[in-house]
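J.: Before I ask anything, here is the structure I am working with.
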Amino acid sequence: MARSKIALIGAGQIGGTLAHLAGLKELGDVVLFDIADGIPQGKGLDIAESAPVDGFDASYAGANDYAAIEGADVVIVTAGVPRKPGMSRDDLLGINLKVMEAVGNGIKQYAPNAFVICITNPLDAMVWALQKFSGVKPEKIVGMAGVLDSARFRHFLAEEFNVSVKDVTAFVLGGHGDDMVPLVRYSTVAGIPLPDLVKMGWTSQEKLDAMVERTRKGGGEIVNLLKTGSAFYAPAASAIAMAESYLKDKKRVLPCAAYLTGQYGVKDMFVGVPIVIGAKGVERIVEVEFTGEEKAMFAKSVASVQGLVDACKQINPALK
Ligand code: A3D
């Protein structure tokens, strides 16, 4: 069986890390695309030269021409600009919307049947615009955010409880903004929901609330530390988990920004919800029951995404 082809649009911090992880996990051959001349070529060659040391087989190519992504099975998009300290994700909208138009045209021409994962911020609006520009079927395009946000929550919880991250599951829904919705009721340690762990004295409600808040601001915490850009190791690992589930038909249940057609009362928008990713792309959208409070938090988050989508339509009236 021929190896899968993975195209990475954007060869910056996340793009380079994606390329390395895809090789280490032997997910397929990698093409790095960027507008910057030499960066995708240099990173591709550098990683290819690490392959003999780590013992993986994958070919690497760098390109500044979209023709190189032709026939890709998976396309992961990180093209655009990241946040600097003091910026919100939404500040990136105008610049990155233009980038999505160029990327969408490239995908439409050369890889219209790929499974597309968007990472560029502001995530929920950019994946919406990318779907419109590329014409990729809604079940073949998702945004990466929930896996990362959940991983951050899991890390904080595992540290607090002093248990393996493997036994901590977390459930974060909604848009990828400061009003994302970490659902404590559905987050567990080995199946024990967090509210029960509070009752059992493993942690206090105050500490749990603080971890929820830290999760919401998790991206900003890293931006403030790095000062020159935003997180890239955990975002790349998260997108690779999504790509792997598609390529290996693993049917993992992952929180992703998916196109909703009425689920959760939302239409024609990408919002973070649990989905099953398999060989057909988004194979199922999981609808859970919310309490009144959760419903209100989700509605607030959806309203923020709607605001960003409306802003995209204003900037580019061709987007309907
Ligand atoms: P960075 O290291 O700057 O890489 C971005 C790359 O995109 C650079 O190499 C640019 O040259 C390239 N680029 C710019 N314009 C184009 C274009 N038109 N076509 C092709 N390539 C282009 O950024 P990064 O890798 O750290 O982050 C990339 C994006 O991911 C940013 O928008 C971040 O805000 C976003 N991000 C999202 C999350 C989520 O959880 C959703 C997390 C972290 C970062």
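Note that the numbers count up from 1, one per residue, in the order the chain is shown.
Cβ atoms here come from the backbone N, Cα and C positions, even for glycine.
Annotations in TrEMBL come from automatic prediction, not curation.
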J.: Asn113, Asn121, Asn224: which one does TrEMBL list with Arg83, Arg89, Arg152 for the substrate site?
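T.: Given Arg83, Arg89, Arg152 bind substrate in TrEMBL, the matching entry from Asn113, Asn121, Asn224 is Asn121.
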J.: Check TrEMBL for me: it has Gly10, Ala11, Gly12, Gln13, Ile14, Gly15, Asn96, Ile119, Thr120, Asn121 binding NAD(+), so pick out which one of Asp34, Asp37, Asp73 it puts in that same site.
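T.: Between Asp34, Asp37, Asp73, TrEMBL records just one in the NAD(+) site with Gly10, Ala11, Gly12, Gln13, Ile14, Gly15, Asn96, Ile119, Thr120, Asn121, namely Asp34.
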J.: Test of understanding: give the count of other CB atoms lying within 10 angstroms of the CB of Asp34 (NAD(+) binding site).
T.: 22
J.: Helix, strand or coil: which one is Arg152 (substrate binding site) in, per DSSP?
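T.: The residue in question, Arg152 (substrate binding site), is helix (DSSP, three-state).
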J.: Measure from the CA atom of Arg152 (substrate binding site) to the CA atom of Asn121 (NAD(+) binding site) and give the result in Å, rounded to a whole number.
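T.: So the Cα of Arg152 (substrate binding site) lies 18 Å away from that of Asn121 (NAD(+) binding site).
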J.: Most Cβ neighbours within 10 Å: which of the binding-site residues Gly10, Gly12 is it?
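T.: It comes out as Gly10.
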J.: Just to be sure I understand the contacts, which binding-site residues have a Cβ under 6 angstroms from any atom of ligand 1? Candidates are Gly10, Ile119, Asn121, Arg152.
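T.: If the test is a Cβ under 6 Å from any atom of ligand 1, the answer is Gly10, Ile119, Asn121.
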J.: Three states by DSSP: which one describes His176 (active site, proton acceptor)?
T.: coil
J.: What average pLDDT is reported by the model for the domain 'Lactate/malate dehydrogenase C-terminal' (148-304)?
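T.: Mean per-residue confidence for the domain 'Lactate/malate dehydrogenase C-terminal' (148-304): 96 out of 100.
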